[in-house]
Amino acid sequence: MKAFIVLVALAMAAPALGRTLDRCSLAREMSNLGVPRDQLARWACIAEHESSYRTGVVGPENYNGSNDYGIFQINNYYWCAPPSGRFSYNECGLSCNALLTDDITHSVRCAQKVLSQQGWSAWSTWHYCSGWLPSIDGCF
């Protein structure tokens, strides 16, 4: 019983992977990273629908065995190297684990690369973001 209590205490003390942002904190951080202001509402919409603004999310396995990582749910078959060592084109040149941290710099840079090569439709949730977008006007 003591061992169980110790294990529970250790599990609770262990730092959680990632963090949860909100629309405004995401918009401000992305703006500070140089993302054009006219894109910020779209990125906020995508992050809301892909991960609920959570940086530590690994999505369920896709039909082809790949997974999606981080706040923008970036796919490990094309864009990042999975921890399993499975083949990846790794177009962003980074480990998928880099997309799960509190620092969103890698996620933002990789997402911008996805956008430049495939457009907004690279995200399956884009149809939620093609009309009304969340306002970021009060965020700055």
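Every residue, even glycine, has its Cβ placed from backbone N, Cα and C.
Summarising the annotation, Swiss-Prot assigns active site to Glu50, Asp68. Look at Swiss-Prot and you will find Cys24-Cys139, Cys45-Cys129, Cys80-Cys96, Cys92-Cys110 tagged as disulfide bond, backed by sequence analysis. Per Swiss-Prot, the feature domain 'C-type lysozyme' maps to 19-140. The signal peptide annotation in Swiss-Prot covers 1-18, and the record cites similarity to another entry as its basis.
Mapped onto this structure are the features recorded in Swiss-Prot.
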residue	record	Cβ neighbours (10 Å)
Cys24	disulfide bond	17
Cys45	disulfide bond	22
Glu50	active site	23
Asp68	active site	24
Cys80	disulfide bond	28
Cys92	disulfide bond	23
Cys96	disulfide bond	26
Cys110	disulfide bond	23
Cys129	disulfide bond	20
Cys139	disulfide bond	17
Legend entry - Cα-nearest neighbour of Asp68 (active site) within the listed disulfide-bonded residues, Cys24, Cys45, Cys96, Cys110, Cys139: Cys96
Inset, instruction - Could you round the CA separation between Cys45 (disulfide bond) and Cys92 (disulfide bond) to a whole angstrom and send it over? - result: 22
Legend entry - Within 10 angstroms of Cys80 (disulfide bond), Cα basis - recorded positions out of Cys24, Glu50, Cys92, Cys110, Cys129, Cys139: Cys92, Cys110
Inset, instruction - Would you kindly give the Cα-Cα distance separating Glu50 (active site) and Cys110 (disulfide bond), rounded to the nearest Å? - result: 15
Legend entry - Alpha-carbon spacing, Cys24 (disulfide bond) to Cys92 (disulfide bond), which is rounded to whole Å: 26
Inset, instruction - Work through the recorded positions one by one (Glu50, Cys92, Cys96, Cys129) and name whichever has its CA nearest to the CA of Cys139 (disulfide bond). - result: Cys129
Legend entry - Across the domain 'C-type lysozyme' (19-140), average pLDDT on the 0 to 100 scale: 97
Legend entry - Candidates Glu50, Cys92, Cys96 (recorded positions) - the one closest to Cys129 (disulfide bond) by CA: Glu50
Legend entry - Number of helical, extended and coil residues in the domain 'C-type lysozyme' (19-140), per DSSP: 56 helix, 9 strand, 57 coil
Inset, instruction - State the Cα to Cα distance, in Å, between Cys96 (disulfide bond) and Glu50 (active site), rounded to an integer. - result: 16
